[in-house]
Amino acid sequence: MKKIIEIPDEVADKFEQQNYKMSVEHNQIVLKSDVDQLDAQNFSLHYMLIPSLLSLLISLLTFFLSGHSQINFTGGRYHSVAGISMLCATIIGFVTFLWVYAKQNTSPQKRMLSRIRELVTISLAYTLIVFAIQALIWYILGMTFVGVTLDRFTASFVAALFSAIVFYFLILFAASVKISHLIILLFITFIGGIFLSMATNGQNAWWQYNFSFLGTGEAKNQWQFNFTMIFSALMLLTITDYLFMDFQKSDLYNFKVKIVQTFYYIIALFIAGVGIFPAQSWTMTFHNASAYGIVLCIIILIVLSKYLLPQISREFLSMSAIVFIALVTSAILFLKVHYLSLTVFEIIAFAISFTWLVLMINALQKMLHESSVYQVEVVELKENI
């Protein structure tokens, strides 16, 4: 006896072909197009060859032109396996990621400026994360293999091998970028950049001034804080484009959703403004306006979220109410009671605001997903005897 799955007409109308593949994954029935789909692993192995050979060539030239018969495993800037490997993996890896992502993921429907911003932002985000991981790995290897040297040929091949591993993962990531991955990247780059700024200014007792001190001329390596804010804003813009591009394909996209989208764009601009305008001299006014603008926009969104997004979950609305109370309470404790210092208030407000922004993106994703879930029926087809 055969069984037939009855699919709603509105879903069937979206099918562009007749043949599909069906599989059972994690107790779920998955229907996939019969057209050949990208095998990410084979794709990565195929396209990592050229950048790996280029890395090998650069390593050979660098080590042979250095005039040294033995090459340090770590240290020595670029005249070491670690140095040349990180240099090649980062620069060539960035270009490779850029090319693969442009080839696989960029929608032709987007405007040219949005496409360029998306390409550069995502490529830079992945490359920076991979660079940080490389630095950590080479630091551990340097502590493990103290004083190790290699001949020029061996050093070149080892450097190329480490670079090839980086290329493989970068190409793999570029071929399978998802909004969930971008949210994780946003968290890593934002939190990592802020903590790095705090750590490098520990001797300056930055907490005795305010949170924004990290981006002023008096701070050490102030570019780290400002770059983190600007880059986080670009990441938020990219995530917003990704999210609401999916909304445009659904029946949920209306004027109210457009208002939420506009607020996200404005918030991203305010976040960038915090980094562009340091909290000093004539830029202080613009800096404060940007900082307060972030909190104000989020408060407005919290108040209007039930009206703008009636389909959003009750759990998120309850959490938003708690966030609203926390923001107002912290403001009162700082402005009226003077219990909180400026630094503590800024950190609390910024942490709560940033977390709520990300949680709302997840809530919007869930709302979008639930709108595309349909009820189907399995019907038994009796065969004539």
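Heads up, the Cβ atoms here are built off N, Cα and C, so glycines get one too.
According to TrEMBL, the feature transmembrane segment maps to 47-66, 78-102, 123-141, 153-175, 182-203, 223-243, 263-283, 289-309, 316-335, 347-364.
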Stretch of maximal Cβ-Cβ contact with the transmembrane segment (47-66) [cut-off: under 8 Å; candidates 78-102, 153-175, 347-364]: 153-175
Listed stretch, out of 123-141, 182-203, 223-243, 289-309, 347-364, that has the most CB pairs under 8 angstroms to the transmembrane segment (263-283): 223-243
Selected stretch (most C-beta pairs under 8 A with the transmembrane segment (123-141)) from 78-102, 153-175, 182-203, 223-243, 347-364: 78-102
The transmembrane segment (289-309) versus listed stretches 153-175, 182-203, 347-364: most Cβ pairs under 8 Å: 347-364
